Each structure stands twice: as C-alpha cells, then as structure tokens.
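Asker: TrEMBL lists 200 with the feature active site, acyl-ester intermediate. The feature active site, charge relay system is assigned by TrEMBL to 330, 455. The domain 'Carboxylesterase type B' feature in TrEMBL is assigned to 19-543.
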C-alpha cells in the first residue's frame, strides 16, 4: 500500500495513533488513515456482528491507507475514477480515515462529515482517490471521516441465526458511527454535530440509518444522495432473504440450497473470501435489471420492519435536517448491461432508432421487481413520445434517465417527502438536482459524454477532485467544485443550506395542504433562476406505484 505523504511530520493523539500532517492550499491538516474501529471479522467472526476493537496498548500507525473490503466487480476497472490508494483487498478491513483541520487549541471542535461509500453494498472502498477528504476538510473547515464496511455475502448473508444474522455491513457502519461519537472530540470534531452522507448505496445506507432505532441517535443530520433504501435491493423479508442466500451458499458449493446446516456454515466460513464474492456474482443471483441481488433484510433489531412501512408509521429520526440530492442521468451507467455499447463509446458511433429505444426501455421495465407488472406502454409514452426519431444520443440518454428515475431519483424524493411528513416531524428537508456534466480527459472517470451528468457525478465536485487534479477540468468546473464544498460545509455547520446568488435556499414546506418541494439546480454558472420546484413530479408519480409494490 502506498503512503499519502512520505515526508509529513508525525503526530500522536493520546499516545494511541500516529498520523501525519499535510497542507492543502496553505491550510494545515492532521490526517489519520486506517484507524481500526472493530475487531477483524475473520475466522469465527465472519458473517457475525462486529465486535469493538480492543486496543492492545501499542501505538497504531495511522499513516497508510487501509485494506479495501473484498468486493464484487461492478464496473470495468479501466477508469481513473476507480483508482484506489490501497492495493490490498482483505476481510480485515474495518477501518476509518480522518482529515482534521489543525486546531487552534485543544478545545476547538468542528462539525464532522462522515462519508459512507457506495457500490451497491457489494463493492466500493474508503480509499478511492475520488473521495480523498483533504480538499473538503481544508476548504470547508470541517472534520471529514470516511468509513468501510463489509460487502456482499460477507456483509449481508442471512441464515436466520446469530451465526449469520444479516445486515452486518450496516452494523459495521453503526459501530463506526459509535466510535466517532466516542472518539472524534480527540481529533477536533464535535460529536453533537455529525452529518452522515453517501451516494448510491451510500445513500441507501444513510436513509436506513435515519430509519434504524440502532443508529438514528448517532448523528445529527443526513445527506441522501442518488438513492434511498426503499427499493427492492434494500427491503427483503426474512423468508425472501433466506431463499436468496441459500442460492448463494449452493453456488459456493456449501450445501444443497434447502436450508443452512452447521456443516454448511462451517463450509461458508472456510471458503476463501474471494471465492464467496464470485459465488455471489453468478448470473442466477443477479437477475434484477441493475444486476444486484436484494441484499438487506428487514425484521431484525437494525431494521425492525419494511422500510416503506417504517416511513408510513413515522418510525424514523426526528428533529433533523436532511438533504436529498439527485443527478440528471442516474441510469445511463447501467445501460451497457442491456445495450451493446462500450462505456466510453464516441457520440458518432451511437446508432439507435426511436423504435429500438422504445423496445429497449420496455424490455428493461419488464425486469423490474414489483408485485404488479410495469405498464411498459405508459412508461414508453411518458419518456419517449416527444423525442425526435433519429437523435440516437438523446434516445439512449433518455432510457438511462427513465431507469435512473425508477431506481434512484424517485425513491430519493419519496423518502425525503416522507421524512418531511407534512412538517409534523420538525425535520427540515432540502433538495438539489445536479446537471453539470463536467467531462475531463476521456478515461478520467466512468461517465461517457453521452450520459450527461450521470450517477454520483456531484461527488467529484464535493470532494474537490477538480481542485486536487485539475488536468482536463475547466476553470468553471473548479469554481463549481469550490461552491459545492462551501455549500456542503455550511450544511454541516448550520443545519441548513446557504443562499445562492442572494436568494434563500428554502426547505420543504406546506401550502394549502400540499407539500411544496423547492430544489436548487447545480450548474456551471450560478443563477438565481436555478431555484425550481416540483422536480419530476409526473415521472415519480408513475414510478411510485411500482416502488410501493416491490
């Protein structure tokens, strides 16, 4: 594993952690990489809930990026966006990283932003260079923490017993949040002003912490980005979940797929972790259109009921501020599973008629998991009727937008509206929509130019990637990145969002019995006219019928 800064001065917190000092744009930071918050979940601890880390009295070296958790390959690893600062994958991966602006005194406490990475709960890491926290911490004057958690079968296998209770990846996250509550003051953070944020499966995770009675008290505010945990992948009953994981065990050659025996569990604990990950990724386990098996189980202490039912009963965190965020084209990223195109195909090579586009949209819609089949004709009319016949790029992007609306945009908005709950919960809810398709040198990240502002592209800006790696980015991109860092830090400090161009950023409110949902549209040029209302109301009303019946 490579070091972040070989020449930085060492520092020590309470004689337990050796971190290092660095500077970013003249601002000094204290950095700690790879702090363990739980015992390594290996051997008999595989599949079990995490156990708090037991310090042995030896100073912990916190100058090197930690191991990545073993993952299932989701996307082609041919983009710099996927570059990780650690080249080791291991079950021993329950670590967190901290970036803290240098304190003026030992009493200085700053708001804390805790990043939960995405990746479908089956991939991802805190060591991605994209989400290096130094720019956000330095320019936002906040403490930034990124955490890791177990993935796929290692983090979510459910056997119906304490040997594999399911959702242990979420329990890992909760233990990291508890560690932050107990320890972050020593690093200059305020445990009473913790905001958790995450995109995609990170957004799923944040929303589930808002719901969970286990973790909802471990943070102040939440930012749900491009995904909320009210979809098929995040809400399986124990009975459904058991059947899914029995299939995985059978694919791993640990049992006949009928029930979990002691012998099966012993086999599952002995099998190499990477083989188990490969068993999870077999086609029969990923029949969903997105390619991710339903993975979260409700009915336990962490998630007592189906997420949608908990929202309906208002069984969630109160007196909080929530920010819900979406991007213009959330689904284009997943289209190569269904259309024979390369991720980085040039514009000129896209050849698609309107009739072909409609047929693709219908075929994908038929794969959606819902108790009621999707009305594919109505969906095609909603998205395709007004489009020209021969704009291949627009047709392809519209398919991605439609699928992204179902899986990511509309669940995020539906969750946010439920948390606001007509103003009855003292929750302030804000919203933005990201449309700035900053595209640096080809290969810099996973979004092709035809995708527009695609899934989680706002992360690039919020973590200051164009500032840290300006090659190929425009001055406008860099300026937007600074504005978004300022906005995110303001939310962490003040529990609300700052005015834009002198105009107040309003939270959700009620008017004549209706919920009004203002949102700001992030684009390259700041413009007060980019405050808008009722984003995708028609599209989300169409998809809600099927989201509620998953």
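In case you wondered, yes, glycine gets a Cβ from its N, Cα and C as well.
Note that TrEMBL annotation is computational and uncurated.
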Asker: On the 0 to 100 pLDDT scale, where does the domain 'Carboxylesterase type B' (19-543) sit on average?
Answerer: 91
Asker: Would you kindly give the Cα-Cα distance separating residue 330 (active site, charge relay system) and the residue listed as 'active site, acyl-ester intermediate', rounded to the nearest Å?
Answerer: 9
Asker: Sequence gap of 6 or more, Cβ distance under 8 Å: name the residues on the same chain that satisfy this around residue 330 (active site, charge relay system), in order along the sequence.
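Answerer: Once residues fewer than 6 apart are set aside, residue 330 (active site, charge relay system) is near 226, 400, 401, 403, 404, 405, 407, 408, 409, 454, 455.
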Asker: Can you tell which of the active-site residues (200, 455) has the fewest other C-beta atoms within 10 angstroms of its C-beta?
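Answerer: Counting other Cβ atoms within 10 Å of each of the active-site residues 200, 455 gives the minimum at 200.
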